[in-house]
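Got a structure for you, written out below as structure tokens; questions coming shortly.
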Amino acid sequence: MKQQHSPIDGSQADVVLAGVEKRYGNTIALRSMDLSIERGELFALLGPSGCGKSTTLRLIAGFEQPSAGRVFVRGNDVTRIPSSKRNFGIVFQGFALFPHMTVAQNVGFGLRMRKLQKSEMKQRVMSALELVGLDHLADRYPRQLSGGQQQRAALARAIVIEPDVLVLDEPMSALDKILRDRMQVEIRRIQQRLKMTTILVTHDQEEALGMADRVGVLNGGRIEQVGTPRSIYETPRTTFVATFLGASNLLTGKVEGYDGAQAAISVAGRVISIPRGGLERGATVPLSLRPEKIRLCAHSPFMGKVKEMTYKGSTTYVEVDVNGVSFAISGDSAQIRGQHCEVGNLVGLEWDARDVVVLEDVAS
Amino acid sequence: MIPAYYKAPRTLLAILPLCFLALFFLVPVGYLFILSFVEGNAFGGAHWTFTTANYTGMLGDRFYIVIAVRTISISLIACVLNVILAFPVALFAARLQSVWKSVFLTIATVPLMVSNIVRAFGWVVILGRRGILNSVLQFFAPQMVLRQHLFSIQAICFGLLTITLPFTIMFLTNAVSGIDRKNIEAAESLGATRWGVFYHIILPLTKSALASGLMVVFFLTLSAYVTVTLLGGPRYKTLVGFIYDYSATLRWPQAAALSFVLLGIGLAFAGIVQLLVSERKK
């Protein structure tokens, strides 16, 4: 293989997609995608079904070839290299354990294909099974395992070959909620211990935010935003990102002018200032404000009538109408009760200026 | 849990076909079994005295041994050819979209819609002295023109393949389609070559279908009469041909004995195949 450096990123990048595109006939599954995944990080590809995340995964794993663009792994162009030669460990959706092999045989398969010596193979299989806590079930068949155990077996099978890249394709989809939470923590722990570059493909935003170092949000075959979980949650760039990652108040504001570095924007008949430049005076801009960033208070320029209240235990959901614009608020139940918040009452809303995010697309 | 009132009619339903089979299969076969141990007479009847001569006579005769070996060989060759030819077809067909797969399987089974006799005559037209094969060979490779391509083991095998291949293709295509595509991709991602995927994943996961296919092929070829007679001619007879000859000449006890030898061969093959399949499962 010829050593070749990626056109976009430096030596830190482990997996690089450069202008990768995938078309099936006339339908475009993936539009010119540039992505760079760093060594040792857990990168989540997040998006709804049909957004192109599975296609991206199949291109990275080598099951399919891009219609255009190149894929680099550790600086080597692997675009035309079949998956059997890429040294990727993949945990498939539904796990895809070989039904006719025991757990140990499943885990040992990749080593067998690499023609390792029996003794070394046995030792590595056992230590991989120990790592995932499955060493006592080595002789069971997949059908004799629970969902969580199957997932551990699939994970052991993927990491035992010491892959360059670990790929997790919707790894939690076959598990129930409690197990899912536990496995998220556990997979993250194992990944950090092995310092393995990992790509997580998921439609579950909690999973992506909770596990990943960085998240790439996909929509319609295009990456909308890449960033740390905190940055994409708190400063979404587009309406899609704002709404896909949890609830958000999507507001429409009008740029009235500037006061120093602060843009004055009118929302619901009031003017707020946002620390943000580069907006055209008089333009209409879409805004995002997370429900949990809004607090209730007695006096504020934003006074409104409580339209709806839903008690959810530790939090309470409130809907307030301000000048015909509806605000969703989610807050601590005790704090909200302290504000005499009841349906029909007048309450004030307040938030920190930096929590209002100006989105880049046109509000719908 | 199946309630009692539902169970009773189910047993009844099972009894009816079982009675049918008992009456029209087990009874005649039982009668045939008894017949195979009595002495025949020259007029199509039997002296009802016990003898094992019908069997020992055959086992002692080298001629019958040769015929038996030939019969088994033809069936085994058919089995091997079926696997070699049907597996690639199944691997191809299993990857087709469901509509095209149905179309493909229908086309593959078209030969079964034609009578055995017509199919065999088709081969006569191709392989005969003035057949298509010779005409073509005359043109391109005159040294390969034979007086007769018919009446040979090869001709019999070709003929039997047109009967059995549709079955094997069907069995294997369904079995290969049943394999989760992700299992194959998992094996690939773990470094398996195409051959490795076939040997370690596809073959073990289709072995019970393969066993069923092989048994169908073996039984069908073991008992094939029309194809063997038309394409093998008088020189290449198999055991079935002799059963026919015996019954045509009213030597019922010998015909019966030979039938049970054939049945024994079939059962032995089935036993071996089942043993091989289950042994690997451990």
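The backbone N, Cα and C atoms fix where each Cβ goes, glycine too.
Dumping what TrEMBL says about this protein:
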type	residues	note
TRANSMEM	B:12-34	transmembrane segment
TRANSMEM	B:63-91	transmembrane segment
DOMAIN	B:68-273	domain 'ABC transmembrane type-1'
TRANSMEM	B:103-128	transmembrane segment
TRANSMEM	B:148-172	transmembrane segment
TRANSMEM	B:209-232	transmembrane segment
TRANSMEM	B:252-277	transmembrane segment
Near the transmembrane segment (B:103-128), which residues from the same chain, at least 6 beyond its ends, have a CB less than 8 A from one of its CBs?
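For the transmembrane segment (B:103-128), the nonlocal Cβ contacts are 89, 93, 96, 134, 148-150, 155, 158-159, 162-163, 165-167, 169-170, 173, 224, 226-227, 230-231.
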Between B:12-34, B:63-91, B:252-277, who has the most Cβ pairs under 8 Å to the transmembrane segment (B:209-232)?
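It is B:63-91, which has the most Cβ pairs under 8 Å.
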Can you tell me which recorded stretch out of B:63-91, B:148-172, B:252-277 has the most Cβ pairs within less than 8 Å of the transmembrane segment (B:12-34)?
B:252-277
